[in-house]
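Down below is the structure, laid out as structure tokens.
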Amino acid sequence: MAPSFLFLSLFALLVISPAFGSDPSQLQDFCVADNSSQVFVNGFVCKNPNVVTVNDFFFSGLDKAGNTNNKLGSSVTAVAANNLPGLNTLGISLARLDFAPGGLVPPHYHPRATEILVVLEGTLYVGFVSSTNNQLFTKVLNKGDVFVFPQGLVHFQYNQGWTNAVALSGLSSQNPGVVFVANAVFGANPPISDDVLAKAFQLDKKTIDWLQAQFTAAN
């Protein structure tokens, strides 16, 4: 029985383990990113520990509001391994979100991270769409409220209030990535065929061409 039990246990681990997808675990105390390296690896090359300083683990400026003077009325200040080298291999990152009244972070997803958001000021209408039946989950958040967006699902944040709003997001990757749906579809470079998009969205090609022009200009 023992060999059979061992085999089943190993089989279960092999089948289940891919479900725990995340950034690779670190194999040392830290692996500070060497942003000057020309070597490409899954993450960033480590600095020599002998030249690491305390500033490699430090970032300043999240107390300052981002510039929301744009078409969307929002700003995202990200803190990830590229601008906080000490985050390399640690599997986490952070972002400050600023919203003018009516400001929006449009539908997007993070291919490598779950996001947890806490509202610091104002009111936000947030939501995500599941991959099952395209079910929409939405909530109005006030100061102190917390909401989680599962990894890889399309979500948004919208300031429906009359005052500025500020939120802080934590993400479960040192490099979560972000794909804005409209930008990816209509602003692809080179463009996706308007035949494809016209059929996909059940629109005429003239409308598709107009949308592509808007997002190509925005990019």
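Heads up, the Cβ atoms here are built off N, Cα and C, so glycines get one too.
Note that TrEMBL annotation is computational and uncurated.
Taken from TrEMBL, the feature Mn(2+) binding site covers H108, H110, E115, H155. Sequence annotations record features per position, and here TrEMBL assigns oxalate binding site to H110, E115. According to TrEMBL, the disulfide bond annotation covers C31-C46. Summarising the annotation, TrEMBL assigns domain 'Cupin type-1' to 60-209. Positions annotated as signal peptide by TrEMBL: 1-21.
Features per TrEMBL, on structure.
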residue : record              : CB count, 10 Å
C31     : disulfide bond      : 23
C46     : disulfide bond      : 20
H108    : Mn(2+) binding site : 19
H110    : Mn(2+) binding site : 23
E115    : Mn(2+) binding site : 24
H155    : Mn(2+) binding site : 21
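Rounded to the nearest whole angstrom, the C-alpha distance between H108 (Mn(2+) binding site) and C46 (disulfide bond) is 31. Each residue in Y109, A113, F128, F149, L153, V154, P176, V178 lies on the same chain as H108, H110, E115, H155 and has a C-beta within 8 Å of the C-beta centroid of that Mn(2+) site, without being one of the site residues. The helix, strand and coil residue counts that DSSP assigns across the domain 'Cupin type-1' (60-209) are 22 helix, 55 strand, 73 coil.
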